[in-house]
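Participant: Sharing the record's features from TrEMBL:
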TRANSMEM  7-24  transmembrane segment
TRANSMEM  36-54  transmembrane segment
TRANSMEM  66-84  transmembrane segment
TRANSMEM  90-112  transmembrane segment
TRANSMEM  124-144  transmembrane segment
TRANSMEM  156-175  transmembrane segment
TRANSMEM  196-215  transmembrane segment
TRANSMEM  227-245  transmembrane segment
TRANSMEM  257-288  transmembrane segment
TRANSMEM  294-317  transmembrane segment
Amino acid sequence: LLGSFHAVFVLHGIAFMFVFFLHACREFPGCGNIVTFSQFLFIAVEGFIFEANFGRKKPAIPIRYYFIMVAMFFTVSVVNNYALNLNIAMPLHMIFRSGSLIASMALGIIILKKRYSVSKYTSIALVSLGIFTCTFMSAKQVASDSGLNEEDGLQVFLWWLLGIAALTFALLMSARMGIFQETLYKRFGKHSKEALFYNHALPLPGFLLLAPNIYHHAVLFSQSELFQVPVIGLTLPIMWFYLLMNVITQYVCIRGVFILTTECTSLTVTLVVTLRKFVSLIFSILYFRNPFTAWHWLGTAFVFVGTLMYTEVWNSLGPFLARWRKRPKEE
């Protein structure tokens, strides 16, 4: 029951976080860096106080390993943000990142020499087919944009291809980071809360490279229309309010996921993450009114059915459905 409560809590937090992020993206499409920096800063400050005890607590995992992990984490975050500036629509961005199962399985086979069951390979094939379908249809939409001449259309399409390459790189890097974390936890024990703090604190100096972009959007945020916060009556630019809500809900989600991993099985956590991707996708379609054809829906269905097959949720539901079917006979 407690695990179910936290699962619902995480999903609601992610939904609110995504709504606020969509508001920010619609007004200022390149604001991903200031949003990411704010999230990192807030989580790092909270972790410095409550996890690191103001720097007095020695990390259980040597700090050099966190630097490697952080380099991967920071790279993935920045590349995913910039992909949105390369003619990548938000729904395609969400669907493409759902291919993390493919990347994780491929690198697991190559690096960790793992082997999987036929059902696992089938699920990966479905996810791959879904991503290919959505990617191909999005490519056709970019190429057939009637508002552009042939030269401009080719340039837009080439930028789109660069965006696809960026998403692919981020996907593989994220999978490699997961394998690196897995090996660290096997060696030093699981310290998720500690890893959460260092993954957000150590990258902060790296945001100096993005300082002009962050400052530019901070100025734009300050020039947005004023908004009076309900209940407390505080007046501030509406974009700062959106950013504040995004940071708070992001923090709630991460804490909720951490609690969920301690209360539930990994299957439940994976299922919640899958539902998160679906909820985020639906929000982006409705909010941005992106063209979403029947082929896109088919590709999306392949992605999520394949993901559910990978988690083997059907095996967990089997005994429950069997008991449910027997109930009328027993009564």
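Every residue gets a Cβ built from N, Cα and C, even glycine.
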Participant: Using Cβ atoms only, state whether the transmembrane segment (36-54) and the transmembrane segment (196-215) have three or more pairs under 8 Å that are 6 or more apart in sequence.
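Facilitator: Stretch pair touches.
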Participant: Applying the under-8 angstroms CB criterion, which one of 66-84, 156-175, 227-245 scores highest with the transmembrane segment (196-215)?
Facilitator: 66-84
